[in-house]
Amino acid sequence: MTRKALAAGLADLGIDLPDEAQQKLLAFRDLLLKWNKTYNLTALRDPAQAISHHLLDSLAILPHVGSGNLLDVGSGGGLPGIPLAIARPELSVSMVDTVQKKTTFLQQAVIELALRNVTVHHARVEEMQGQYAQISSRAFAEIGLFISLTRHLLAPNGRWLAMKGVRPDDELKALPADIAVEAIIPLTVPGLDAERHLIILKAGS
């Protein structure tokens, strides 16, 4: 039933993944729930809910993820970074979190799932270096703070991908004048009865 629920959800999202990737997604779900008993990585305990609220919710943004390297900020339990990395093995994904128990879990997940395209950083994002074509966040911070903490890491012509619940109009109105909202995309996540939006932003010249 679990496998069927995942396959049906992916079909609803218009995402076609090979069996191996689907098996890895479920293995990640199992690993997350196993470690959650000790590390408190997520409030969810139900395996079926974890498919909709974690796996499918993360993958709902997949059609809007480009080919350039991606930094996932405040990755926590690896969402959306690990599902994206499983679905797109050619995509270079870096994940950063300040909480050591979370990055310990992420490093173990990378090893157990053999994710060669993922790098884990235990650090404060404002102290990181490098350049990323895409910077994502899910339940990390208010959009203005997310941008100010990561702006030095955004490559020229790069994009921020901010995952939000209800449309964050107040946050968008408060953005600096040189930040452009490229798109506000309502997301429909199978099995998730809640508003979801992807906000895509760019830095002005």
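Cβ atoms here come from the backbone N, Cα and C positions, even for glycine.
Same-site candidate for S-adenosyl-L-methionine binding, as annotated by Swiss-Prot with Gly74, Leu79, Val125, Glu126, chosen from Arg88, Arg116, Arg138: Arg138. Comparing local CB density within 10 A for the binding-site residues Leu79, Val125, the maximum falls on Leu79. If you take the C-beta of Arg138 (S-adenosyl-L-methionine binding site) and look for same-chain residues 6 or more apart in sequence within under 8 angstroms, you find Asp57, Ser58, Asp72, Gly74, Leu79, Pro80, Met163.
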